[in-house]
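Trainee: The structure under discussion is supplied below as structure tokens; questions concerning it will follow.
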Amino acid sequence: MEFPVLTVNPAKIETACLVVPVFKDGDLLPAADKLDDASERLIGQLLDRGDFEPSLGNVQLIPFAPGLGAERLLLVGLGERAKCGESQLIKALDAAFGAIAKLPLDDVAATFTDVPVGERDTAWKARVTLEAAHRACYRFDEFKSEPAPAPRLSSLTLLVGDEDQAAQAELGARVGAAVGEGVSLTRTLGNLPGNVCTPRYLADQAQRLADGADGALNVEILDEDALEALGANALLAVGQGSAEPSRLIVMEYRGAEDPEEAPHILVGKGITFDSGGISLKPGAGMDEMKFDMCGAASVFGTMKTVLGLKPRINVIGVVASAENMPDGRAIKPGDIVKTLKGLNVEILNTDAEGRMVLCDALSYVERFKPASVVDIATLTGAAIIALGHHASGLLSNDDDLALDLLDAGENAWDRAWHLPLWDEYQSQLDSNFADLAHIGGRPAGTITAACFLSRFADAYPWAHLDIAGTAWASGDKKGASGRPVGLLTQYLLDRETEAAETRPSVE
């Protein structure tokens, strides 16, 4: 999608449709005011007569726009000015572009950058505008025999007030477009059925990403023979009941001037289907366990975004992928497995398999001497009980890293909530038969899952994002959300800014 930024009078812009946000209090925003003057108070009259109610998310298409360069206007309600925050703007954007996606339009223009949203600047508003456009145009219909017509939108022009705003808008739109593409890839991988999206399929997707990266991405695939030689028995144990072989996928992007600069590493849980194994899940809703690889999908999506933005830091994406199935060879409750780190783990419930593939991946990445490691996983139902479907759970062994991730989530409006990782919880993992058990009972399930992972992440700053409640939606809108690509991308961009400030200047 193209995203030109212009400073022209909105009344003169030639476009198939001009999207105009309107507050409920009747005071028009600067762009809408200019349009109103040029069209003999078209917008004002609609509001005065009650023909358009600018409640939050309400939209109305005006098919003819006399006196204006635009062929059509799309009015979108912002609700009350005093209540307009980030969530309200994003809801209005989703409503506007949801309507646009249903129309036969190739190009539109929008004036959302003049909407006041707290202390958010033009760059942020441009970013979320592009993200919303990509979100609305996303379709997953490759298994539909007669798919609906795809949205035609290919160009979104952002209208701003002056050149200073234009520079900010261009920067924000570039990030928003890249995040939008990364989110779309994440959603597609998550939405694919388990008989298509297998560990081998994910490995192929990594190679495909590298093939289109002009040498910017190096990929290494560790198959089961390599994993066995390595000693990654926890990862292998999860997949040993499946006909689908497990994989460890490593994607390396070296964007820093020094290729040996400590990388930031993302580790994704890639359980391409989770039946629960011998500890079999209930049948109702088991189809949604294809989404148990959404952590891995978010790593793919973030790496795609990184390739689009080319930050000057080193980033490594690692995906630990397996299929968890019941079989005569499958792991059983009571089994003890020796991990890559050398710790012996007692398996108490085979449906707690994500932490097993992750623990070996966390041990593996130690060889890169990372600046930070963030793992992303649909790990615990307890995270949904604690946080619902709005915030991802965040736990970390490093308070500075946790704060950086929280800040990134607030900036990207892809938020997380910090939970404690206190030593007092560790005793719940005590085992009579092994070095530790891999689950700690019902109390504090999200925390004890992170406690388990922390045993394998003690050599570097590490954080864990539990996205069980945010990775996908159920019901009529069932599908992968693409989260937390926005948070992860912002975290990496912030690390690029931080690195630029600390690198010695060259004279």
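Backbone N, Cα and C define each Cβ position, glycine as well.
Feature table excerpt (Swiss-Prot):
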type	residues	note
ACT_SITE	Lys281	active site
ACT_SITE	Arg355	active site
BINDING	Lys269, Asp274, Asp292, Glu353	Mn(2+) 2 binding site
BINDING	Asp274, Asp351, Glu353	Mn(2+) 1 binding site
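Relative to the rest of the structure, where do these features sit?
Mentor: The DSSP secondary structure for Lys281 (active site) is coil.
According to DSSP, Arg355 (active site) is assigned to a helical segment. Sequence-distant neighbours of Arg355 (active site): residues of the same chain at least 6 apart with a C-beta under 8 Å from its C-beta are Ala377, Leu379, His438, Ala449, Phe452, Leu453.
Classification of Lys269 (Mn(2+) 2 binding site) by DSSP places it within a strand.
DSSP assigns Asp274 (Mn(2+) 2 binding site) to a strand.
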Trainee: Any idea what the Cα distance is from Glu353 (Mn(2+) 2 binding site) over to Lys281 (active site), rounded to a whole Å?
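Mentor: Roughly 12 Å, rounded to the nearest whole number.
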Trainee: Measuring Cα to Cα, how far is Asp292 (Mn(2+) 2 binding site) from Asp351 (Mn(2+) 1 binding site) in Å?
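Mentor: Answer for this pair: 11 Å between alpha carbons.
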Trainee: Let me make sure I understand the structure: which of the binding-site residues listed (Asp274, Asp292, Asp351, Glu353) has the fewest other Cβ atoms within 10 A of its Cβ?
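Mentor: Counting other Cβ atoms within 10 Å of each of the binding-site residues Asp274, Asp292, Asp351, Glu353 gives the minimum at Asp351.
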Trainee: Determine the most Cβ-crowded residue among the recorded positions Lys269, Lys281, using a 10 Å radius around each Cβ and all protein chains in the structure.
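Mentor: That would be Lys269, with the highest Cβ count within 10 Å.
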Trainee: For the recorded Mn(2+) 2 site formed by Lys269, Asp274, Asp292, Glu353, which further same-chain residues have Cβ atoms within 8 Å of the site's Cβ center?
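Mentor: Apart from the listed residues, the neighbours are Val238, Gly270, Ile271, Met289, Met293, Ala322, Asn324, Gly354, Val357, Ala377, Thr378.
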Trainee: How many Å separate the Cα atoms of Lys269 (Mn(2+) 2 binding site) and Asp351 (Mn(2+) 1 binding site)?
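Mentor: That comes out at 14 Å between the alpha carbons.
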Trainee: If one measures from the C-alpha of Asp351 (Mn(2+) 1 binding site) to the C-alpha of Asp274 (Mn(2+) 2 binding site), what distance in angstrom results, rounded to a whole number?
Mentor: 8
